Amino acid sequence: MTATTGRRLLLVHAHPDDESIGNGATMARYAAEGARVTLVTCTLGEGGEVIPPELAHLTADRDDTLGAYRIGELTEAMSALGVSDFRFLGGPGRYRDSGMMGVPENDVPGCFWQADVDEAAGHLVAVVREVRPQVLVTYDPDGGYGHPDHIQAHRVAMRAYELAADPAHRPELGPAWRIAKVYWNRMPCSVIEAGLAEAAAKASFPGVAQPADVPGVVDDEVVTTVLDGAAQAGRKTAAMTAHATQITVDGAFFALSNDLAQPLFTTEYYQLVRGQAGPGEPEDDLFAGLAPDAAPAEEGTR
Ligand SMILES: [Zn+2]
């Protein structure tokens, strides 16, 4: 979709599917409102498990073709959300999925966990200076739930936020750009507890997730910003469904490869960690308090 409002939102995620689960409604809403939405995904998710039996051969221990397949899933998901600008950090396959914390894949050269943070951030600085987003969304320092690629995505995104604003840092990557507001993905404790209780009562999956399985859970008062994406429920559901190797969607619930039900939230939650909060407690808009930017993002600068 062509940007028309001058609002520009950048999201940094670890694997294809994280964006749709965590921010699908937010991305669809801002895209529909005419904002430029840019997604940077740091790995292809090569290390993921595969749910459909007929696709089990894609996994890293068999054909090792899951990464390429997941580019297709991500493409379909972005089509569902109305987002046309999605990229992989350093290009597709530059950084490989590191697997869950503690597995041998953490030590493989070329995996994202082994990446030099400043070098990886350089790829993102180039995107920041090109796109000039007012808002950045990424994970908290624990990556939401301790996955190495999520932790590293946090480090790289926060480092790029700093470096992009420093005119002395690699001027060949473009003019310095200060992102006005940075948010981390969050899930209020009371919301996930209620949602999981509902899943236990109504969902059709064999089991139900625990709060510890859900990324970014915090005490309710940590949440600064609540995005109502109810109008985008269909788009978010379609995007999550597109990630079929990773997610099974059933109505208002979904499960990952562990078959444990979770609620599919169309309200999404954030913690403002850099920049000034806008009006409202909580904020209901990631761009709240920012001066309207009349000039649409420049096209054709890629
Ligand atoms: Zn992930």
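Yeah, the Cβs are placed from backbone N, Cα and C, and that goes for glycine too.
Among the features that TrEMBL reports, Zn(2+) binding site is placed at His15, Asp18, His150. The annotation region 'Disordered' is assigned in TrEMBL to 275-302.
Sequence-distant neighbours of His150 (Zn(2+) binding site) (same chain, 6+ residues apart, CB-CB distance under 8 A): Ala14, Asp18, Tyr139, Asp142, Gly143, Gly144, Pro215. The Cβ of His15 (Zn(2+) binding site) lies under 8 Å from the Cβ of Thr41, Cys42, Thr43, Leu44, Gly45, Gly48, Arg70, Asp97, Asp149, each of these being in the same chain and 6 or more residues away along the sequence. Taking the mean position of the Cβ atoms of His15, Asp18, His150 as the Zn(2+) site, the remaining same-chain residues with a Cβ inside 8 Å of that point are His13, Ala14, Asp17, Thr41, Cys42, Thr43, Gly45, Tyr139, Gly143, His147, Asp149, Ala153.
DSSP assigns His15 (Zn(2+) binding site) to coil in the three-state reduction, outside any helix or strand. All chains included, 27 other C-beta atoms sit within 10 angstroms of the C-beta of Asp18 (Zn(2+) binding site).
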